[in-house]
Amino acid sequence: MNSFRRFLRNNLTTLILYTVFFLTLFVPGLYKTDDLDLKEVGNSYPQIQDFSQSETVPNSQEITHFVHVTDTHLSIFRPESQDNLERFCKETIPSISPHFVVHTGDVVDGKEAEDSIFHSKQKEPEWKLYKTVLQKHGYWNESFWFDVRGNHGSSAIKEKSSPNNYFYQFSPQSSYLQRTGKKRVNHYSYQHLNKTIHLLSIDYFTYPQAGLPYGFFGILSDQIITEFEDTLKNLKLEKNSEIILYGHSPLSNLKIDNNNLKRFKEILDQYSIDLYLTGHNHAQNEYSNLLSKKAPLLELELACFKDHMFYRVGVLNEGIFTFSDQSVIDGFPVMVIVNPSDARFIRKSEPLYNMRRQQIKVMVFSPLADLEQIKCLIDGEIINEKMKKDDKNEYLYFSTWDPSKYDKGQHEIEIQIKLEGNTKTWGEKQYFSLDGTRSRIKMNIFTTIQHHNLLRFVYFWFIFMFIYFIIFQTLLPKLLIIYLKKRNKLNILNKFQQQISDFENMKTFNILKIWKDNLCFLVFKNSQIKKSRFIYLMVIGFAILLLPLSVAPMIDGIWASSWTTFTIFSYNNKTYSHLFGVSLVLGQLFLIWVYHPTLQLFSSLDHTSILDKTSKKKKNYYCPNIIYLVMLILSNIIFVFFIYAGWGLLAYLLAMSTAWPSLGSLIWCLTIYYKSFKSYSKTTQIGYQIIKLQNLDKDQNINSDLNDIQTNDDDRDDIIYSDSVSDSGSGSDDDLTKKSSKKSFSMMNSNNDIENLNKNNLNENLFENNSDENSIEN
């Protein structure tokens with residue numbers, strides 16, 4: 001318990017600040033999705049007749065379903081990536097028979113080597129493999145397969161016309177893109193009977209585009225928004241037309257200034273666009289945008305095909321959009337509840353009134369066996385034991401229902417199916433609402449950060465750590481010393497030291513007392529850092545802002561630099577701020593893994609007496625510092641691996657604000673730690689020898705003093721005895737008694753003298769021991 005209290009005393013303020021920061025992301029109710037007003041929903045889509053009790057499905061052929069896939073990451077270093085895409089094209093797509101396929105980027109891996117994080121290179125064989133697989137199965141068709149560039153497919157490309165910009169050569173849309181001039185925003189249309197579906201793709205990645213990992217973030221620039229607005233103006237939108245927006249990155253992973261974001265939202269509202277398909281983060285079942293009233297889009301991020309082999313089946317039905325995310329590994333059957341739709345993903349333009357005017361509809365894809373039974377339940381009550389199959393749509397099943405029973409709140413619908421010759425039951429369930437009530441989306445740390453905007457989160461997190469570590473923990477305590485020195489009030493520091501509790505004598509666990517001790521401890525300890533070390537901390541701290549984090553061949557062999565502040569990324573006399581986030585991530589890693597351990601070691605190794613105040617064993621002081629030393633060692637390994645191994649020795653030598661301080665801090669702290677430990681060991685050994693010698697001297701002195709006292713007592717006894725004998729004949733018994741008591745009193749005085757002498761010798765030995773230790777330490 002004492003060790004735990006000591007840990008809290010040393011780190012409680014840091015732990016509290018970290019905890020408060022993360023708890024602000026999880027304030028109850030902050031992320032509750034807003035309910036929709038029926039008067040505000042679905043005005044852009046016509047209202048249909050009431051078919052909820054009809055025994056046939058009108059216009060069932062107009063129901064459009066498609067497949068969404070993302071992040072296939074085809075690689076010549078991973079043959080299984082080709083096998084997985086082959087399996088998807090050969091088995092999954094034919095079994096679903098979608099009207100079209102949307103691929104939201106990262107078609108290829110685009111790496112120099114299999115495990116390379118830094119060496120990005122567009123490899124033509126990977127793009128050829130993509131085209132070959134699609135052509136083999138008949139999907140390399142510009143009216144069927146719609147794709148867009150991702151960060152892996154655009155990394156390390158200098159210009160739009162660069163020979164290695166293979167997307168414009170091997171995409172199914174290549175001929176169309178060549179005709180339209182390789183714009184950043186492209187429009188495709190799919191005509192299905194009397195309905196037109198407009199597909200708008202956005203390419204967020206610039207020219208030049210840095211290699212990995214700096215090419216992670218995209219940018220929503222003025223050019224993109226202008227092209228987006230012009231494209232929409234040229235569209236011929238009908239009352240029942242659908243618009244699907246898709247791109248590689250979620251909006252939270254883009255750099256967008258406030259003006260562009262405002263313009264973008266206004267355009268989306270003007271054209272009632274609120275569905276956005278995306279990928280990029282490889283997250284499974286993560287829906288970063290919760291569609292509050294302030295959210296411009298319903299962002300539906302899909303897990304990557306590379307790791308999970310995920311795909312999405314989306315269905316458009318009378319203005320209502322539903323979907324189901326599945327894995328190729330899980331196989332079939334696959335079910336999508338078409339009506340009623342999932343209450344978590346109600347769009348602003350979705351006509352909820354059409355939901356109650358339709359039958360319950362389900363699409364089932366089962367290529368291996370026919371369905372024996374399909375059952376529908378709502379809130380646990382059986383609505384239909386065997387749903388009917390539509391005559392015109394082979395995948396559609398329906399059932400009549402009474403929607404008036406479910407007017408208020410949320411209700412659960414469940415579909416159960418059985419295949420012929422199989423006793424297993426498959427099920428699909430979801431919540432729905434007819435009054436606009438939305439379900440809460442399950443939250444975790446990643447979806448929460450995404451909702452806030454990942455780039456802004458990274459930015460504020462960096463600013464927070466910079467202020468806390470460099471300003472609060474390093475600069476302010478030193479300024480306090482300067483102030484107290486000018487005011488001749490340095491004795492106040494002794495009060496800080498006296499406030500530190502003695503944990504061994506603390507009877508109760510008082511967190512407020514420990515926190516106060518921690519504040520006093522931080523002020524006193526960090527204020528005593530030596531001048532040379534304080535200057536060093538200031539230099540490496542502000543170097544993150546003033547010096548480049550890395551200078552390396554980021555763009556196809558062209559050297560460029562990345563910064564946390566002024567010029568975020570510079571190349572060919574131009575600056576590109578979309579690398580802002582990655583630079584700040586590196587800055588955060590530096591503050592956590594280099595600056596903080598260095599600060600702790602500098603302040604602690606200079607003042608062991610404070611740490612030893614609450615501990616009788618001096619070795620307890622060294623254990624926490626080993627953790628900081630390990631962090632410094634790991635930070636050097638990280639920088640060596642990411643910079644030296646990734647870009648070479650020259651890039652490592654040019655990393656002035658990351659690699660240099662990391663290595664310098666490790667060497668300096670190891671030197672200080674070694675000297676301190678060596679001095680402590682030497683002091684302890686010499687101290688033990690001094691104590692042994694002093695104990696021998698003490699024993700000899702005490703024995704000699706005892707002999708002298710004993711001799712004096714014997715002489716005194718002889719004198720007293722002779723006097724008593726000489727007076728025995730003439731004295732009385734009372735006189736003999738008085739003389740006997742004088743003898744005993746003299747013996748007591750001699751014993752007291754011996755005790756006082758022992759105490760004096762002990763105090764002298766301790767004083768000499770302390771003075772010797774202090775001289776050795778000095």
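The backbone N, Cα and C atoms fix where each Cβ goes, and this holds for glycine too.
Feature annotations, reproduced from TrEMBL:
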- 12-31: transmembrane segment (TRANSMEM)
- 65-283: domain 'Calcineurin-like phosphoesterase' (DOMAIN)
- 458-484: transmembrane segment (TRANSMEM)
- 534-555: transmembrane segment (TRANSMEM)
- 575-595: transmembrane segment (TRANSMEM)
- 626-645: transmembrane segment (TRANSMEM)
- 651-674: transmembrane segment (TRANSMEM)
- 722-731: compositional bias 'Low complexity' (COMPBIAS)
- 722-778: region 'Disordered' (REGION)
- 743-769: compositional bias 'Low complexity' (COMPBIAS)
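When pLDDT is averaged over the domain 'Calcineurin-like phosphoesterase' (65-283), the result is 88. Beyond the transmembrane segment (626-645), the same-chain residues lying 6 or more positions past its ends with a Cβ under 8 Å from any Cβ of the stretch are 117-118, 550, 552, 589-590, 593-594, 596-598, 600-601, 651-652, 655, 658-659, 662-663, 665-666, 669-670, 673.
For the transmembrane segment (651-674), same-chain residues at least 6 beyond its ends with a Cβ under 8 Å from one of its own Cβ atoms are 533, 536, 540, 543-544, 546-553, 586, 590, 593-595, 597-598, 601-602, 605, 625, 628-629, 632-633, 635-636, 639-640, 643-644.
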